[in-house]
Amino acid sequence: MASTWAIQAHMDQDEPLEVKIEEEKYTTRQDWDLRKNNTHSREVFRQYFRQFCYQETSGPREALSRLRELCHQWLRPETHTKEQILELLVLEQFLTILPEELQAWVQEQHPESGEEVVTVLEDLERELDEPGEQVSVHTGEQEMFLQETVRLRKEGEPSMSLQSMKAQPKYESPELESQQEQVLDVETGNEYGNLKQEVSEEMEPHGKTSSKFENDMSKSARCGETREPEEITEEPSACSREDKQPTCDENGVSLTENSDHTEHQRICPGEESYGCDDCGKAFSQHSHLIEHQRIHTGDRPYKCEECGKAFRGRTVLIRHKIIHTGEKPYKCNECGKAFGRWSALNQHQRLHTGEKHYHCNDCGKAFSQKAGLFHHIKIHTRDKPYQCTQCNKSFSRRSILTQHQGVHTGAKPYECNECGKAFVYNSSLVSHQEIHHKEKCYQCKECGKSFSQSGLIQHQRIHTGEKPYKCDVCEKAFIQRTSLTEHQRIHTGERPYKCDKCGKAFTQRSVLTEHQRIHTGERPYKCDECGNAFRGITSLIQHQRIHTGEKPYQCDECGKAFRQRSDLSKHQRIHNRRGTYVCKECGKSFRQNSALTQHQTIHKGEKSVSV
């Protein structure tokens, strides 16, 4: 049968669409009261325009006329400016070139411009870079269903996919849509996904018609095609009870319970839906529309009494309050660790089970979290959008760029709570902390202290006096190689660590970090006894000896002890017959530099008198 049909009535008119197949007329009961500013109606006409087939017309003139009409209904030049039309075309292409892993997620946000897409993607990138509990809520009974839905999402594109759009109408029940949005939250860990699920459980417009109309279009166009029961549930008896289930009066869709029947009839195109005047989105319940409209008005009526933060929905406020109460009701049966959200527990349990649901299509590598897959994909695409302005090195993640910039600035944001040592990278801090937490099984026979194997070897050199690392210039020896490297900079004059504020350079990174606190005024090391604060950990240790009375530096000549090494060095010059500091004018020697400086003023005075 040749499917030559023509649009008899424009969509602008308050008449239903008439479709002509051969000599018979079929009037679809699809709700064609699509407002001109409705985003979803524009999407329908865009798909008609893109999927239009030449064979559906009687000749080239009719084909051109039909294409013009569909394009007019999509772009609407009578209401849109040239800039708005260009933006629609750019948006369409932008969505098309996105990776498949991102397309479905971005389209869930219903962006209306390219800038909105960029904002959504940048927000996602920031959330993936920030550690923390991912947000999602779904019950344990849904777990098996959600796993199946994840599989279905991986096997095919969503109904609004721009890469592989098919002209086949699709209908999804509100239960299925809600559960799929929950799966999306698990995959991305996106806070907005939960807000959308809890506050504005929006319904996609139903009954999207295809470009080819079948004979039974008047029936199927109202609600679209439905999935068979066995596709969305694992219950084997679902098909056998099909004849006993209630059905929709409009299209014969089988429903499991009377409550489903009532809910289904509410969302059927034959029933009135609640549409948003601002963006055109439709909802099955008036309460959902009211909550959705708060996105446009900015109204946040639910306020936290603890911190004053406001939210659009009550359920989001309830979840937020867990932060203040510290409640962690979800506990892991394997290790006993507790979590504030079920989704965080679910992801944690994959560490014990070894489950990895997210697979890379290029190399097959699997990941337990969606965030891990997103970052891995950039290896194949070689996408490194974040560039360092100092050395032009590029990175795939903003967080890695931020850490890298610490190499140039000398910033060390990751500090050990045990010893105060700071690091540029968080991974370096984690490795360092293992020194404190690791079981120390190797004990020193001299003093009884315990160390790791390598730590014990270095420690024993204190007792044996062994210094295997020797300077080639001055032959000074050191216990550790790092100490030798830092010492050699005295001879080479190398000062690789430079202060951005004053330009002063240093041989050691730790000295630069302590110096920078002069500019910032930061004094992170505080004495528990008197409350005095210090810039460096060594200054605090020396100060604490005032309270403890400890004097670890002892003179070998007379046995006198001192708190600081510098005080011992000054004292030892008393025993040395020759003075350390010699005046270049007269050759006189002094034990202290301050005495030499004071002496040199005499020569300066003599020179001024003679002049």
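Placed from the backbone N, Cα and C atoms, the Cβ positions cover glycine too.
The SUMO2 cross-link annotation in Swiss-Prot covers K20, K25, K196. The feature domain 'SCAN box' is assigned by Swiss-Prot to 46-128. Here Swiss-Prot flags 154-175, 198-264 as region 'Disordered'. What Swiss-Prot lists as compositional bias 'Basic and acidic residues' is 203-230. Positions annotated as zinc finger by Swiss-Prot, on the basis of sequence analysis: 274-296, 302-324, 330-352, 358-380, 386-408, 414-436, 442-463, 469-491, 497-519, 525-547, 553-575, 581-603.
Residues 458, 461-462, 507-508 of the same chain, all 6+ positions outside the zinc finger (469-491), place their C-beta atoms under 8 angstroms from a C-beta of that stretch.
Residues 419-421, 510, 514, 517-518, 563-564 of the same chain lie 6 or more positions beyond the ends of the zinc finger (525-547) yet place their CB under 8 Å from a CB of it. Note on the zinc finger (358-380): DSSP counts are 11 helix, 4 strand, 8 coil. Remote same-chain partners of the zinc finger (497-519), defined as residues 6 or more beyond its termini with a Cβ less than 8 Å from a stretch Cβ, comprise 409-410, 412, 422, 486, 489-490, 535-536.
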